[in-house]
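The feature domain 'Major facilitator superfamily (MFS) profile' is assigned by TrEMBL to 113-526. The transmembrane segment feature in TrEMBL is assigned to 156-173, 180-204, 210-232, 244-261, 267-286, 355-373, 385-409, 416-434, 440-462, 474-495, 501-521.
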Amino acid sequence: MAFGDLLEQVGSTGRFQVLHVTLLCMPILMMASHNLLQNFVASVPPHHCSVHRNLSLSRLSPEQVLLLTVPQDIKNSRPERCLRYAAPQWQLLSENGTYSPKVERDSSDDTDDLLDAELQGCKDGWEYSMTEMSSTIISEWDLVCDLRSLKQMGQTIYMGGVLVGAVIFGGLSDRFGRRFLLLISNLLMAVGGTCAAFSTSFSVFCLFRFITGMALSGLGLNSFSLIVEWIPTRVRTVVGTGTGYCYTMGQLILAVVAYFIRDWRWLTLAVSVPFYITFLYSWWFLESARWLVLNRKSEQAVKNLKTVARINGRREEGDRINLEMLQDSMKKEMSCSLGSYSVVDLLRTPTMRNITICLSAVWFSTSFAYYGLSMDLQKFGVDIYLIQVIFGAVDIPAKVVVTVSMSIFGRRPSQCAALILSGVTILINILVPYEKQTVRTTLAVLGKGCLAASFNCCYLYSGELYPTVVRQNGMGWVSMMARVGAMVAPMVLLLGEAVPWLPGFIYGVAPILSGVVAIYLPETLGAPLPDTIQDVDERSCKKLIPNASPKKEELDMKDTNNTLFKEAA
């Protein structure tokens, strides 16, 4: 009897699994709120220099004061954001105290004086037009002009926390268990988000956002592990798709919450408080029986299985489970766990090197372009709440289409097409004039949908390409590459200050190149999952030369126990 049979005995899709998966999916709904929170809490409101403090201009209207003190930006006919006149330009007012464009055009002397007027920075601060948000970290700490790069730095720091958290929590969960780390992650998410909401400076805000990013990685990793390890193989695809849609729904929830809560502190608090609730009910979760047995805690595993049987209404079947039965069912998994494999094995043979390099490019570029588009909603000139809803909603049909495509045309064509199409739409968008907001937004939505489809594809594709003995290492590596891409994406936006079209060009070229690279990946549609590195090499050789076998020196010497490992998939 395998462990899957033991799970069927206590009920593999009963009340316990439904409640278990539902409760674990609740925090996943809020994960998107933190990943994309910066779109709202760091939105840049229209701004200009404050009036000279030593001047009394109370008799003039705000429009007249702005005219006298702040020059116009020639490019967009708006007040300069970072410059003001060193002294008020009274010549811009007509004799009756109102602005007259005709006077300015007809008086060449006044025009020359205006061109020669001395300019200075915003020494007395800035004034903000808070139309979309009542308060943001930009207006709170004046992250504009010379400090404008700090906005993107804040998102990069957060994504850095996500990367560090993946490394730390991934290893700790294998050592201390999924449930314990899930509790810690929920608590850190709640406390980190709350502290970020009450930050007194930008540096403190970034510190707690970094902690929140770390916690988010631990939350995602351990939630998915607990979901997968308590459900049978036959429903993993359906459940996996469902949890993916939870993240998509989270993007829509963020837009709704942000629409009604316009203050950045209250918004940050609103998306963090739910994690206190998930922390409280996470004590109810049962530790993975698989993990308990592999870590020599079989007695607790038996108790957990009996609890599952009782909840599922199979008390009698649960009472028949004993320590000997459980250890016998996990014998093959325990034998497989004795194999010593590491990240180095991802590069051991030419075939494994090809898979790892190609998948690294695919994951990096997908995440890089995805967050490059998703984290700069203001550039489309559309209401940020509406564009957030559209960007979130497009993931739903995109994932459906790519799922059908993978089943009909295969994984490789679907992966390549999603990446190349996303890159092409992003590049075309560069050529569209800024005034045509509908066209620009449509192209951006199509590009984002293709990138969401690429994410959906590469999760499944990567799991089918890597053999069982190094699958966790492989998925951990490519996930790390995705997080590196998410870290780099905000910094590329800074290049737009010098060359406006350059970020879009980079975001477009990256997925196209990786789409071409993905052509060199082997197709896995209808193929059995490989269990060992030797299986991967043999599959590659058979496609090149039928009935051929790989050279002996290219095979992993660790695969001599192939028979044992093949049963652990």
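Note: Cβ is positioned from N, Cα and C throughout, glycine not excepted.
Among the stretches 180-204, 416-434, 440-462, the one making the largest number of Cβ pairs under 8 Å with the transmembrane segment (385-409) is 440-462.
Counting Cβ pairs under 8 Å that are 6 or more residues apart, the transmembrane segment (210-232) and the transmembrane segment (156-173) reach 3 or more and are in contact. Between the transmembrane segment (180-204) and the transmembrane segment (355-373), the number of CB pairs under 8 angstroms, six or more residues apart, is fewer than three, so the stretches are not in contact. With a cut-off of 8 Å between Cβ atoms, the residues of this chain six or more beyond the transmembrane segment (267-286) that come close are 20, 23-24, 26-27, 30, 33-34, 37, 40-41, 179, 182-183, 186-187, 189-190, 192-194, 196-197, 212, 226, 230, 254, 257-258, 261, 304, 307-308. Mean pLDDT for the domain 'Major facilitator superfamily (MFS) profile' (113-526) in this predicted model: 86. Counting same-chain residues at least six beyond the ends of the transmembrane segment (501-521), those with a Cβ under 8 angstroms from any Cβ of the stretch are 354-355, 357-359, 361-362, 364-366, 368-369, 372-373, 412, 415-420, 422-427, 429-430, 451, 454, 461, 465, 489, 492-493, 495. Residues of the same chain lying 6 or more positions beyond the ends of the transmembrane segment (156-173) and with a Cβ under 8 Å from any Cβ of it are 34, 38, 181, 185, 206, 209-218, 221-222, 225, 371, 476, 479-480, 483-484, 486-488, 490-491. Within the chain, the transmembrane segment (474-495) has long-range Cβ neighbours (under 8 A, six or more residues past its boundaries) at 149, 152-153, 155-156, 159-160, 162-163, 166-167, 170, 343, 346, 356, 359-360, 362-372, 375-376, 458, 462-463, 465-466, 502-503, 506-507.
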